[in-house]
């Protein structure tokens, strides 16, 4: 529980750097700036600057609307064409953007919709490019950017420190401790933040802040002047609370990222559950979603922990609605819900129980377990016998009827028929980086310690139980290993997961949305999940993952088959 205290100091630096030379390369590399790499100024491979380095853009979703945004951001009248597939050569470094979706009216590429910074399954063979209109006078209106804002930020910090000519007082109090701090600041600075509702007639502001956070108030107020602050794990929650109280959303988001970096550090799940409840209290939706994603990926471990019986109704409700839950099967999830309801007792109303039970996807419970459930008993079932029987009936129908009979009902069933990430023995296989640990499949054999072949039913429905699909799972660590299988790879490790041909018998009714999972070997900590693109999945580097890799030298690969009706 306490090892996260040893995490190193995180520093959020907001101001730009100082530049004075009149030269294109000397422009400050500001966040989200774009450039073209090619032989002509008006065409080339698109690169975007983020987190201190240039990276490329994947051509997934890359069309004329995206090209228009890039060209106008660079000062050209518009775009002539977009170029997919690495026409202007393969870049290096991170692939920052993927699955772009621009309206065409955005002022910069980063304003468009995309997966997330560094979240991609592309290789540099798919680096996107553009050809921009040059116009007639584009070079005559060339602009040069000068930025000396760093010096201004320093000066404003000194102004706060000195308190010279301050004209506004902030009183920080803690009603329980009756302790009050007073800070003299400058009204004009506070008026930059409209959430504070400071006017020319305002003279003071009183806020309630817990006494434990008083030592951090001065640093927070200084941030309002300089947009710079040191954030440590010890100060993060207080700074987040202050940002919430004062309505400084940008700082809330930045500090929230510090919270997110803590998620893999606590295997007891106390920290993650506390973070979620804190996110609910402060209205930080990003923090809530980050925590829920992590807990969904590690749901099986959460269920087996003592914390499971303590989570709130609204947290349980949010978890059960997600399709990225990683669990053995749906029956396991129902049993966990029954245990939770039993432990909660009278804390959970009958209506709340029914609401949660409706999130269970009875259609996807294995048919043999559906049969066993007819004879089982639990407090939840006793309270909602009709809901249980309805779920069991629909589950048997889903397993017994051909797809043509239930197709018309699919839209009405919403997410009930969509699989979660089921990792039972029948549907997944492990590959370790040095050893293999999966002896369960009937058709299991090993070519080497990073290649596995196994068999699954074509679909969970009982109609497909005897119709097997053969799968091959590979993890390649070098270009030579890829070449041995007749493929080209450009980043490592890379995984390949493909069927041996017979799955195409079912493509008119079944598709496979398979998943690739990274987890720590010793701690069973899932920290990354992604899909396969053209049967391939490139393992991202630590800097481009949504969560930090807590075990960079000792993690395992899991391949999960996810069939679903189309």
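Using N, Cα and C of the backbone, Cβ positions are placed for all residues, glycine too.
The signal peptide feature in TrEMBL is assigned to 1-16. Sequence annotations record features per position, and here TrEMBL assigns domain 'SRCR' to 34-133. If you look up TrEMBL, you'll see 58-122, 71-132, 102-112 marked as disulfide bond.
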Give me the long-range Cβ neighbours of residue 71 (disulfide bond): same chain, 6+ apart, Cβ under 8 Å, in sequence order. 77, 78, 79, 130, 132, 133
Take the C-alpha atoms of residue 58 (disulfide bond) and residue 112 (disulfide bond) and report the distance between them in angstrom, rounded. 14
Take every residue in the domain 'SRCR' (34-133), average their pLDDT values, and give the whole-number result. 89
Based on DSSP, tally up the residues of the domain 'SRCR' (34-133) by helix, strand and coil. 16 helix, 36 strand, 48 coil
Tertiary neighbours of residue 122 (disulfide bond) (same chain, Cβ under 8 Å, six or more apart): 58, 59, 60, 95, 98, 533, 538
Can you tell me how many other Cβ atoms are located within 10 Å of the Cβ belonging to residue 132 (disulfide bond)? 25
Taking the Cβ of each of the disulfide-bonded residues and counting other Cβ atoms inside 10 Å, which one has the highest number: 58, 102? 58
Neighbour count, 10 Å Cβ-Cβ cut-off, for residue 112 (disulfide bond): what number do you get? 19
